[in-house]
Amino acid sequence: MPAESGKRFKPSKYVPVSAAAIFLVGATTLFFAFTCPGLSLYVSPAVPIYNAIMFLFVLANFSMATFMDPGIFPRAEEDEDKEDDFRAPLYKTVEIKGIQVRMKWCATCRFYRPPRCSHCSVCDNCVEEFDHHCPWVNNCIGRRNYRYFFLFLLSLTAHIMGVFGFGLLYVLYHIEELSGVRTAVTMAVMCVAGLFFIPVAGLTGFHVVLVARGRTTNEQVTGKFRGGVNPFTNGCCNNVSRVLCSSPAPRYLGRPKKEKTIVIRPPFLRPEVSDGQITVKIMDNGIQGELRRTKSKGSLEITESQSADAEPPPPPKPDLSRYTGLRTHLGLATNEDSSLLAKDSPPTPTMYKYRPGYSSSSTSAAMPHSSSAKLSRGDSLKEPTSIAESSRHPSYRSEPSLEPESFRSPTFGKSFHFDPLSSGSRSSSLKSAQGTGFELGQLQSIRSEGTTSTSYKSLANQTRNGSLSYDSLLTPSDSPDFESVQAGPEPDPPLGYTSPFLSARLAQQREAERHPRLVPTGPTHREPSPVRYDNLSRHIVASLQEREKLLRQSPPLPGREEEPGLGDSGIQSTPGSGHAPRTSSSSDDSKRSPLGKTPLGRPAVPRFGKPDGLRGRGVGSPEPGPTAPYLGRSMSYSSQKAQPGVSETEEVALQPLLTPKDEVQLKTTYSKSNGQPKSLGSASPGPGQPPLSSPTRGGVKKVSGVGGTTYEISV
């Protein structure tokens, strides 16, 4: 019965036990009601007391045999003995007192049954020392409840004998009154007691024999030890004492408990992973920076699930609260340049798509390259000495990068890897000069608007073709002259600086307000830095050598003073109006600018008749003093002829490095000079200003180089 609580209710199982209980309780009640009062008067008052004690003992043992756990073994879990369920043999043999005893595998309970254990087909459980299943108590009789069953049989037999005997005595005393009610009820109780006495007495005798011999009903019926010796017997007295006087066996099943539903209040709930600030320490080339980002529970899960090959998720937007001065500037640049970048810019190569720029200062945070360039460009005006300090550290090349210098933060303390031939894919990239009285600390990367898409695409194409290697990407810090510059008086900020992130319309409106006419000064003496061709491919080296040869062979322009050492400087200049300045960065300028060769105290002689006050700066060159950047119009991407009186210089565009698709984009992108129409860049000088050099009226000469490449040279 204890095992039936969780199973389907079967009324037929309770019929025998209910009948036994009714007969036991009903017959005894009638005996106490009609027979015991007369026996207490005629025989002894002890007769009702004896029968009452015997009845209670019978009822107690009956209840214990019915409701007590017989010794059920718990079933194994589904995956506990999975291998044994398929591969185990049907029997295993153990030795008990020198006798081999078989243990059978139970497929239902999924374990080997211990000795004297059997699976009950009614209860559907394996019971320790299984005796039999008794329907009168509706329970299996096993090791734990066999004692109470045996005592129930003994007490019931004695009780039946007492009821029958005392009822017969009452009838003998009232033999003249057999038709009376008391005598009739007593005779009915005697019939019931006599009817149950024979089977109960027989079953009791059988179990007395089994107990004396140390056997169970199952072993006796199946004949396990019929022809041999019982290894479980300890003699008659020991067997009886073991059944009646031994301590009860342990219970293997826990008592069934109802699951309680408990309402958990918030203090006991584990807090979910909410959006919060997570600080990550980043070690890169000896620079420690704190990266504060907001990560949610979903992003953490995605990061954990991603493999090492997967592309990292895009970094979050920069925290504008830390850069209060640039809020308005960034808002305008983002809103007005988003449409231009979406149309003209190619997709960023995967190689440097998500490269945050780390700052050497503790207050700067790591951000994506576009936003980092915007913020760091503004910070470089206020903190110019951070590059000077970081440039003295050795350059680490543990992680090569193809990102242009103009997209990097000026305070980033790593050496810049740049393509020396990327200038061939730009329209006006060979503009650079140096003024007097410059300072080493103020180094800025000023690029023209529109060079972003071309430099990205040229770098991506060269990387795919395998024509460049990471070691050939030289940096300004590699030059031996970089550290030989002496600090001069601190100059004012550049007057003609226009943010490359401003739209063309805003830049055009602000140009007239920012840049007044400047008085021309003498030029600066320059000496070329050695060009490094270490790890370039053969085609590129041959193209460069042929380009140098063509430049040497071309006749000098009238009115042009050729200084020694300037033949291969890679610097070209075209005239333009003073109110339309433009500066552009070039990889050639970054490697060819001799920072320590110009005397600081004397004025320089002008080159090409170009005022020094209208000079631009390269990537690796220090910031000029009171000069303002100046830029003319390139004639490589313009279809108009130069006006009379205006000189045009030679400019070689390395067109084989670009695909036709790139050229179309370049013509569209570079039709404006820093956000201004081409007409502004090609305007003739004022009437009071003499022409800077005599014009060159030659045509365009096409020269075929090594590898089938074709160059267009303006002669």
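Positions of Cβ are set from backbone N, Cα and C atoms, glycine also.
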Tell me whether E128 and R226 fall on the same side of the membrane, as recorded in Swiss-Prot.
yes
Where Swiss-Prot marks phosphoserine, which residue is it, choosing among S380, S401, S428, S682?
S380
If I look at Swiss-Prot, which residue among T261, T436, T463 would I find recorded as phosphothreonine?
T436
For the feature phosphoserine in Swiss-Prot, which residue out of S345, S479, S593 does the record point to?
S345
To which residue among S499, S621 does Swiss-Prot attach the annotation phosphoserine?
S621
Residues outside the transmembrane segment (39-59) whose C-beta sits under 8 Å from one of its C-beta atoms, at least 6 past its ends, are 24-25, 28, 31-32, 151-152, 155-156, 158-159, 162-163, 166, 169-170, 173
What counts of helix, strand and coil residues does DSSP assign across the domain 'DHHC' (104-154)?
9 helix, 17 strand, 25 coil
Mean pLDDT for the topological domain 'Cytoplasmic' (1-13), rounded to an integer?
62
